[in-house]
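Asks: Taken from Swiss-Prot, the feature topological domain 'Cytoplasmic' covers 1-5, 132-787, and the record attributes it to sequence analysis. Per Swiss-Prot, transmembrane segment is recorded for 6-26, 111-131. According to Swiss-Prot, the topological domain 'Extracellular' annotation covers 27-110, on the basis of sequence analysis. Residues or ranges marked as Zn(2+) binding site in Swiss-Prot: H425, H429, D501. Residues annotated as active site in Swiss-Prot: E426. Summarising the annotation, Swiss-Prot assigns compositional bias 'Low complexity' to 650-671, 700-709, 721-732.
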Amino acid sequence: MNRKNVIRMVTAIAVVVLLGWSFFYFSDDTRGYKFVDTSVAMSQINGHNVKSAQIDDREQQLRLTLKKGNNDTDGSDKVITKYPTGYAVDLFNALSAKNTKVTTAVNEGSILGELLVYVLPLLLLVGLFVMFSRMQGGARMGFGFGKSRAKQLSKDMPKTTFADVAGVDEAVEELYEIKDFLQNPCRYQTLGAKIPKGVLLYGPPGTGKTLLARAVAGEAGVPFFTISGSDFVEMFVGVGASRVRDLFDQAKQNSPCIIFVDEIDAVGRQRGTGLGGGHDEREQTLNQLLVEMDGFGDRAGVILIAATNRPDILDPALLRPGRFDRQIPVSNPDLAGRRAVLRVHSKGKPIADDADLDGLAKRTVGMTGADLANVVNEAALLTARENGLVITGPALEEAVDRVIGGPRRKGRIISEQEKKITAYHEGGHTLAAWAMPDIEPIYKVTILARGRTGGHAVAVPEEDKGLRTRSEMIAQLVFAMGGRAAEELVFREPTTGAVSDIEKATKIARSMVTEFGMSSKLGAVRYGSEHGDPFLGRTMGTQADYSHEVARDIDDEVRKLIEAAHTEAWEILTEYRDVLDTLAGELLEKETLHRPELEGIFASVEKRPRLTMFDDFGGRIPSDKPPIKTPGELAIERGEPWPQPVPEPAFKAAIARASQAAEASHQAAQSDTDGPPGQGANGSHAGDRQRQHGPTQPDYGAPPGWHAPGWPPQQPPDYWYPPEQQPSQSPYWPQPAPSYPGQAPPPYPSYPPCPSYPPPGQSAPDAGKPPAQLDEGVSPSNPPAHG
C-alpha cells in the first residue's frame, strides 16, 4: 500500500468518525444537565427544591430543574438521574404531592437512528464482501495489497557500472552479454541466437551478486525493476501470486526490460507435501512465478535476474532451461581478484606510500568483496578517529584484525598469570606450526584480546589453494593442538582456553575420516548423509547410515588422529622449550609479533619430518616414479622464461578461423559478380558461377546459351533456395536460419529488424586478421567485457 492510499484511507475514516460524532452530539438534548445519583434527586424532591421535572419514560431518566443549586449537585440547578423500571408512577405521585410542575416525555426515536442501527452492520458486511472480492481479483486486491512492490530505477539514481565491479570477471563477462544483446541484438539474431530468459547468480554472501545486478541496471539502458523475494509473500492468501502477475504485467508494458529478484530462495524453495501442505501460500506464489517465467503466456523482452545464497534448496522446476537458462557462480575472489577489489575501494582515498595493497591481498585469503570493502572503510574510520590525513599500512592491518576478530577489548583487565598462560598458549601454536613442513607460515601472533578470543596466531597461505593433502590437514591438527600442549608442558594442567582449538581439531579429524576417506581402516567411504526439509532452509542434521561398530571405529580413528597431532606438538615444544620461553617473553613485552621478528626467534628451529603413521594404502603400493613436470617447472630448470598461458579457449580460435574463411569466400564471390559474362545463365556450365553468388536459379540442364520463350521458368520473387556449398569452401557467415522455406526468422520482439551483417561491400571487423593477431579473449563472437 503506497503513501497516497494510506492518506486517503485515514482521511475517509476521520470524516466518517467526525460526522457520526457530530450527529450524536447535536442530537443530544441532555447537554447542560448534571448527572447525579437517584438518592440525591429524591432528596431534592423531598426538600421542596424542585422547580420543574420531566420524566423520560422510554429512557427511564428524570430531569429536574432546581430552585437553587447546592453542594449535593455541585452548584448545578439542572440535574438528571436514572430510576428503576416501574418506578415512574411513584415519581409522578411524589412530584405531584410537592406541587411540582411535571412533564412526561415519551420519545419515539429518530428514523435516522433506527436506520443506522440496522443498516450499519449490513453496510459493514457488504464492505467486507467487496474487499475480499477485490482480493481475489488479482492485482486489484483490496487496499493495494496485490500490487507489486517492485521499484523501477530512475535515471536520476546514482549508477553502478561494470567498472565498479572487480574480482568476478567471469560473471561480468556473462552479464555483459545480456547487456550487449539488449543494446545490439542484430549480431545475435543473425545467428539465430535467443537471449537467455533468466540468469541466476549464486554464491556465498558478500561476493557481489547484488552489485552485479546494480551494474547491469546502470549499463543496460532499459527499464530495470528490482524486488526482494520476501516482498511477494504476506499474511493474506493470494497476495504473492497477485504480486507476481502484477510485476510481470508492468514488465511486459515496459519491455524490453530487466527484473531483478534478490534472495529468491525466500519464494523459490523446493515444493513438497510436508510442512505447509500443497496449498501453502508460498507454493502458490512459486507456481505463479513458474508460469510467468515460462508458460503459455507471452514473455517477450523480459529478462529475469535472480540472486541467492542457497541454490541447493531451490525448486528444480525453477532451475530448468527456459526459466533460468544461465546459472552464474559468484565465488570468493582469488589473489588477482582481491587486488582488483582493493584498488576499486581505495580509489579516491588518500593511501600512504607504506600501505602495501598487494601484500594485503595476499594476507586476506578467503575474504569476500564485502569483507575487503569493509577493511578499507574501517581503515578510513580509524584514520579519521585519530585525526589522520592518510590511510597507512598499520591502519589497514588493524582494520583486518577488526574485521576478522572484532574490536580490541581495551577495558579488559587480566592478571599477570593469565597473561602468561595466554603467551605460552599462543606461542605453542606458533612454534608447532613453524616446525611442521606442510603448513602456511605464521604471519602474526598476538596476545591482545579481540571479540571472544584472548589472542590468536594467524597463518597466511602464500597462494590460493583449492585442494588440501592429508599431510596438510595433519599439520593443521598439530597447529591446533600446540596451545593445549604448551599449557600441559609448562603449567602441568590444561585450561579452558583451548576450547575452540579442540573444536577445530575434532572437526578436521572427523571430516578426514567420514568425508574425505583418509582413513585406511575405514576406506574411501562417505559416512553419514545430510537430511532435512527444504522448508526449513537448512539441513536438519546428519543421519547415521552405518552400524554401531562402524561408529566406534570412526571415533577410534578420530581420536587416533588427534592424539598423534597432540603428541607431535608436545615433542616439538619439548625439543625447543628454550625457544618457546623466548617467544613467550617477547609476547609479554611487545604483545604482537610479526613474521620478521618470528624469523629471528625461530632461527634454530628446523622442519620436522612428516608423520607417516597414516600412510597406509591398504596393501596397495604407490609407484616410485615421480609425476611429470609442468611447463613452468621445466622452464625454471632450463632457465627459460615462464611459458605464456593459452591465449583463449580452442572454440574461440575455431570460430575466428571459420569466420575469416567465410568472409574471404564472400569477398571472392562478390568480386566474381563484376567479371565478363560467360555462358548462358541457365545451362549446366553456368551453374558453377551461380553457386558462387549463392542460390538464385536452379539448373534445368539446358544446353549452354539456349533460349526460348518462357524459358527459364520464373519463380516467385521471395522463393527460397537451399544454399549450396563448395567442397573446399565454408559457407558465408552468417547464414539465415529460416524455420521453413519462404520465411526468415522473425526479429526479437520489441526490436526493429536487423540489417544484414556485415553490410554489402564491407568486411567483418576482424576480417583478414590471422588468429594469432586476435586480442586475447576477444573474437567476433566474444566481445570484451569492460570492468
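Heads up, the Cβ atoms here are built off N, Cα and C, so glycines get one too.
I'd like to know what surrounds each of these features in this structure.
Replies: With helix defined as DSSP H, G or I and strand as E or B, the topological domain 'Extracellular' (27-110) counts 22 helix, 25 strand, 37 coil.
When averaged over the topological domain 'Cytoplasmic' (132-787), pLDDT in the model lands at 77.
Spatially close to H425 (Zn(2+) binding site) yet at least six residues away along the chain are G455, G483, A486, E487, T495, G497, A498, judged by Cβ distances under 8 angstroms.
Note: E426 (active site) has non-local neighbours V445, T446, I447, G455, H456, A457, G483, L587, i.e. same-chain residues 6+ apart with C-beta under 8 A of its own C-beta.
For the compositional bias 'Low complexity' (650-671), the number of residues in each DSSP class (helix H, G, I; strand E, B; coil) is 22 helix, 0 strand, 0 coil.
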Asks: What other residues of this chain sit with their CB within 8 A of the center of the CB atoms of H425, H429, D501, the recorded Zn(2+) site?
Replies: E426, G428, A457, A480, M481, G482, G483, R484, A486, G497, A498
Asks: Please determine which of the binding-site residues listed here (H429, D501) has the lowest count of neighbouring CB atoms within 10 Å.
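Replies: Minimum Cβ neighbour count within 10 Å, taken over the binding-site residues H429, D501, occurs at D501.
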